[in-house]
Amino acid sequence: SSSAAHRSLFNTCVAMRCSTLLAILTGVLLYLVLGAVVFRALEAPREEGKHMQLQDARRDFLMNFTCVGPDNLQDLIEEVVEAVSAGVDPSSNLTFVSQWDLASAFFFSGTIITTIGFGNISPKTEGGQLFCIFYALVGIPLFGILLAGVGDHLGTGLRKTVAKIEMLFLKWRVSPTIVRVISAVLSILLGCVLFVAVPIFVFQEVEKWTLLESAYFVVITLTTVGFGDYVAGIQHDHWYKPLVWFWILLGLAYFASILTMIGNWLRVLSKKTRAEMEELRAHATDWTQNIQNMSVDFRIPGKIDDPFKRRRRKRRHGTRSQGHSMSANGEAVGKEDPNVSQTGSESYTSSSVSNESGSGSESDSQLKYLFSRISHIAAESMSLLQDQTRVKCLLDN
């Protein structure tokens, strides 16, 4: 029945979703294992080398300055590490320069609400940590609203630009699907140029980083990973850090609008897919009903008359009636006018021919009806096979 077919199709879809989820989970775990192996192979030797270098430097220092004991040197190292973790630059002179000036504090607040969290400076006092908790709880949703608004305005301009590009390609009679792909690629490339490529060269020039270090900082920042090993504006004027934060705002908003646009396209595609699935279910239901009624479809209304059988039956009946009349009338039958008998035979022949032609035309129409029903069911079967192929492709995708 149709409900059983729907349940079977629903169970298939659920099974596909579960299998897809397991496949994605397996892929993510394998990706994590791959990252762990690669990072360990690349970074562990350097870490071991730095550790050996530190041990050599400590041994050389104790050998050159015999008045300093190993314990005193260890205490000094721990003090330096604690000062560095508090944000103090151990290489600076005696003049104190706070990392918590207004520009740095503004930049730090921006890293909280953007969830980047570079970590180069962080609150160490209990009051600062408590305030940071509530500040993040209020600031992150507030920034999300701002990001949505800015992304909406950027998306409006982006959609206008994309619409012009699409109209240009449509005039060239390019497929709408290809036009959508081209416009999406151009939109992403435009954002990458404005918010990735240009800042890379700017940070390379201003921060005196290498090209790789600058690209590393830009990508890690805009993806909100924010390790904090590279932070812009540490050794520059106060106006520089707010500009960096506004660049982060625009970059995040732009890529959020890109993701929103792609999500809208996917939702439209999902609606079309659901509509196609409903249509395929309806076709499958109709085909199932046709299969259930196949016995009725093959049943021919009325009996097919066999003209040869009817003629044989009439001949036998005529022979029996002639025999009875001859036995009853004797010679009267033999004296009948031959013209009359000839006329009777001719009328009998004409009636037989007319009956044969009528029964033949009736049987021809019935055979045509039978062949039309067979052709209809064959066409329905081919349509169902095509629908099943489309369903399989949709479920696989």
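These residue numbers are counts, starting from 1, taken along the chain as shown.
A Cβ is built for glycine as well, from the same backbone N, Cα and C atoms used for every other residue.
These numbers come from a predicted model, not from an experiment.
Database features, via TrEMBL:
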TRANSMEM  21-42  transmembrane segment
DOMAIN    95-152  domain 'Potassium channel'
TRANSMEM  100-118  transmembrane segment
TRANSMEM  130-150  transmembrane segment
TRANSMEM  178-203  transmembrane segment
DOMAIN    190-267  domain 'Potassium channel'
TRANSMEM  215-232  transmembrane segment
TRANSMEM  244-266  transmembrane segment
COMPBIAS  309-319  compositional bias 'Basic residues'
REGION    309-362  region 'Disordered'
COMPBIAS  341-362  compositional bias 'Low complexity'
The transmembrane segment (178-203) versus listed stretches 100-118, 130-150, 215-232, 244-266: most Cβ pairs under 8 Å: 244-266
Within the domain 'Potassium channel' (190-267), residues counted as helix, strand or coil by DSSP: 57 helix, 0 strand, 21 coil
Taken over the domain 'Potassium channel' (95-152), the model's mean pLDDT: 88
Residues in the domain 'Potassium channel' (95-152) grouped by DSSP into helix, strand and remaining coil: 39 helix, 0 strand, 19 coil
